[in-house]
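Enquirer: Can you keep this structure in mind? I'll have questions shortly.
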Amino acid sequence: MLFNYKFYSQFFIIIIVFYCSHGLAIDKSTTDDDEERMHPLFNFKATERSARLEKRALPMLRFEYLKNRELDSNHWQELGQSILEKQLKSKSTLNTNLAKNVIMFLGDGMSIPTLTAGRVYMGGEEKQFSFEEFPYMGLSKTYCVNTQVADSACTATAYLAGIKANYATIGLMAAVSLYDCAGQNNTAHHVSSLAAWAQAQGMATGLITNTRITHASPAGIFAHIANRNWEDDGHVLKDNGDPKVCPDIAHQMIYSAVGRKLNVILGGGRKHFLPELKSNGSRLDGRNLIQEWKSLHGSTAHYVESREELFNLPKSADKLLGLFAMDHLPYHLDSDTTTTPSLDEMVQVALHILKTQSQGKGYFLFVEGGRIDHAHHDSLAMKALDETVEFDKAVQLAQLQTSNDDTLIVVTSDHSHTMSVAGYSSRKNNIVGINNSQMGLDGLPYATLSYANGPGYTNNLLTKSTGFQRKNLHQVNMDDKDYQFPSAVPLDSETHGGDDVGVFAKGPFAHLFTGVYEQNFIPHAIAYASCLGSQKTACSDGLHPRR
C-alpha cells in the first residue's frame with residue numbers, strides 16, 4: 001500500500017486547526033505555571049476508542065556486530081551460570097533481621113524504559129544500575145483511586161501512607177476530592193506516613209529531594225493537602241481557599257506534627273517560605289517561615305543554603321534545614337557543583353546526622369530524585385537519563401554507608417512516563433541519537449527515544465506549503481542537552497504513563513517486595529520489616545521483641 005502524503009498532510013493540518021480553534025496550547029511558552037502545565041487539573045470524560053492496530057512485518061536489517069566475546073556461545077553460558085550462582089547465594093537464606101534503619105529512594109518518573117535507556121547512556125546495554133543488582137524486585141501498580149494514570153501526589157500517599165488516594169491530593173483519604181478545603185481540615189480524613197510511624201518509635205527521620213521541598217513527593221512525608229499546588233498561602237488564596245482553615249504545604253512542613261520533628265530536611269523551594277515583598281518569595285502573609293523554623297528549634301538547629309555551608313556544619317547540629325534554590329535545584333547537567341550539592345552529597349551529610357541523632361533507635365530516610373520526572377515532561381530525554389544516573393550514585397553511597405544486616409533499602413518510582421525505546425539499532429548505538437537500522441516511510445531517520453505526547457511534536461516538524469514534514473534529524477543537534485525529543489501528539493507538557501514501575505529491595509525482609517502488587521502495599525511491607533505502626537509487623541508476629 002502506497003503512503004498517501006497528501007492525505008496525511010491534510011490530516012495533520014486538521015489536528016493543528018483543532019488545537020488552535022479550541023484554545024489548546026502547543027507552544028511551551030504559553031503558560032507560566034509549570035505545575036499546572038506538567039500536572040493539569042481536569043474533569044474526566046469517557047471517550048470512545050476508535051483506533052485500529054495493525055501489525056507490520058519485521059524489516060530486513062543490516063547490523064554491525066560487536067567484535068568481542070559475545071560472538072562466542074561460551075560467554076553467554078558462563079554469564080548465565082554466574083547469574084545463577086548469584087541468585088542461589090542471595091536467595092538461599094532469607095534475611096529476617098529487624099530493619100533497624102530504613103532508606104526509601106524514589107526516582108520520580110523513573111519508568112522501566114528510563115532504566116533501559118539509562119543503562120545504555122551509562123555505558124552499554126549490559127550495564128546495571130546499583131539497585132538493579134539488589135536480590136529482590138517486584139512491580140507496583142500505580143493508578144489513583146479516580147485515574148488510570150497517576151500523579152506524584154496520590155502516589156506519595158500510596159507508597160508512604162499505605163492507602164490509595166485521589167489525583168493531586170496528598171496524605172488524605174479518597175473521601176477527599178481535589179480542592180476540598182473542608183475535607184482537608186477534617187482530621188478524620190488524614191492518613192499518616194512512614195515518617196510519622198518511625199517518629200512514634202523514637203527513630204530519627206529525614207527528607208531529601210532535588211525538587212522543591214514542598215513538591216508532591218516530599219510533601220507526602222508530612223502534609224495533608226487537598227491540592228498539591230497549595231505550596232504556599234498565595235496558591236491557596238488563588239483557589240479561593242482560606243490558608244487559616246487549609247494551611248499550605250510550607251506551613252505544614254514547619255508546624256505539622258511530623259514536619260517539626262524531622263531531623264534533616266534538604267531540597268529546594270525557598271520561595272515558598274519567604275514573604276513576597278521583603279525577600280522575593282511567594283508568601284502573601286508576610287511571614288518568613290525559615291526564621292520561624294530557626295526560632296522553633298533553637299541554637300542546635302542549623303539552616304544552610306549552599307554546598308559549602310552543608311559541608312561545614314558544627315558537630316552539635318541536631319536538626320538541619322537546607323534550601324539550596326528558590327525553586328527546584330538545577331539539573332545535574334546545568335548545575336554549578338561548587339555551590340549546589342548533589343543528591344549523593346546530601347545523603348552523605350544526612351546519614352551522618354541521622355546515625356548520631358537516632359541514639360541507637362534507628363532512622364527513616366526518604367530520598368527523591370525528582371528531576372527525572374521534570375526532564376521527561378519537557379521531552380528532555382538526555383537530562384532524564386542523566387538524572388537517573390545521578391540518582392543511582394546516591395543509592396550507591398547509601399549502600400556503602402550502611403549494613404545489609406540491619407538496614408532495609410527500597411528503591412522505586414511513583415509512576416512512569418510515555419518515553420519509549422524503539423527500532424532495531426545496533427549495539428552501542430548512541431541512545432540519545434538516531435536509530436541506525438532503518439528509515440521511516442517518509443525517507444527520514446527517526447530517534448531511538450521518543451514520546452507518545454509532549455512538546456517535542458512541533459519542535460521536530462517542518463511546515464511547508466504542502467503540509468507538515470518531519471525534520472531531518474541528521475540536520476539537528478541531538479547532542480544538545482536541551483534537545484526536545486520527538487512526540488506523536490502535541491501537548492505543552494508530556495504526560496505520565498500508566499504502566500507498572502519497578503521496586504528493588506535489599507536488607508531485612510527484602511523478599512517481601514517480590515511479585516506484582518498495589519503501590520500502597522510498599523509501606524505495609526516496610527512497616528512489617530521495621531516494626532512500625534499498629535498493624536501486622538515482625539514484632540507482633542513474635543519474630544523480634546517490640547521496639
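Glycine residues also receive a Cβ, built from the backbone N, Cα and C atoms like all the rest.
Note that the structure is a prediction, hence the values are computed from the model and not measured.
Features from TrEMBL:
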type     : residues                                       : note
TRANSMEM : 7-26                                           : transmembrane segment
BINDING  : Asp108, Asp373, His377, Asp414, His415, His496 : Zn(2+) binding site
BINDING  : Asp108, His215, Ser217, Glu368                 : Mg(2+) binding site
ACT_SITE : Ser152                                         : active site, phosphoserine intermediate
Enquirer: Report the residues of the chain - excluding Asp108, His215, Ser217, Glu368 - with C-beta within 8 Å of the mean position of the site's C-beta atoms, for the recorded Mg(2+) site, in sequence order.
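Expert: Near the Mg(2+) site, beyond Asp108, His215, Ser217, Glu368, sit Leu106, Ser152, Ala156, Thr209, Thr211, Ala216, Pro218, Gly369, Gly370, Asp373, Asp414.
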Enquirer: What binding-site residues in the list Asp108, Glu368, His377 lie within 10 angstroms of the residue listed as 'active site, phosphoserine intermediate', counting C-alpha atoms?
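Expert: For the residue listed as 'active site, phosphoserine intermediate', the binding-site residues whose Cα atoms are within 10 Å come to Asp108.
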Enquirer: Return the count of C-beta atoms lying within 10 angstroms of the C-beta of His377 (Zn(2+) binding site), excluding that atom itself.
Expert: 23
Enquirer: In this structure, which of the binding-site residues His215, His415, His496 has the fewest other Cβ atoms within 10 Å of its Cβ?
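Expert: Counting other Cβ atoms within 10 Å of each of the binding-site residues His215, His415, His496 gives the minimum at His496.
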Enquirer: Give me the long-range Cβ neighbours of Asp414 (Zn(2+) binding site): same chain, 6+ apart, Cβ under 8 Å, in sequence order.
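Expert: Looking at Cβ-Cβ distances below 8 Å from Asp414 (Zn(2+) binding site), excluding near sequence neighbours, one finds Leu106, Asp108, Gly109, Thr142, Ala150, Ser152, Thr155, Ala156, Tyr159, Ser217, Val501, Gln519.
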Enquirer: When a 10 Å sphere is centred on the Cβ of Ser217 (Mg(2+) binding site), how many other Cβ atoms does it contain?
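Expert: A count of 25.
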Enquirer: Below 8 Å Cβ to Cβ and six or more residues apart, same chain only. Which residues does that give for Asp373 (Zn(2+) binding site)?
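Expert: Spatial neighbours, sequence-distant, of Asp373 (Zn(2+) binding site): Met38, Asp108, Gly109, Ser152, His417.
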Enquirer: Which number gives the other C-beta atoms within 10 angstroms of the C-beta of Asp108 (Zn(2+) binding site), all protein chains shown included?
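Expert: I get 28 for this one.
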Enquirer: For Glu368 (Mg(2+) binding site), which residues of its chain lie six or more apart in sequence with Cβ-Cβ distance below 8 Å?
Expert: Phe105, Leu106, Gly107, Asp108, Ile208, Thr209, Asn210, Thr211, Ser217, Pro218
Enquirer: Would you count the other CB atoms within 10 A of the CB of Ser152 (active site, phosphoserine intermediate), including those on all shown protein chains?
Expert: 28
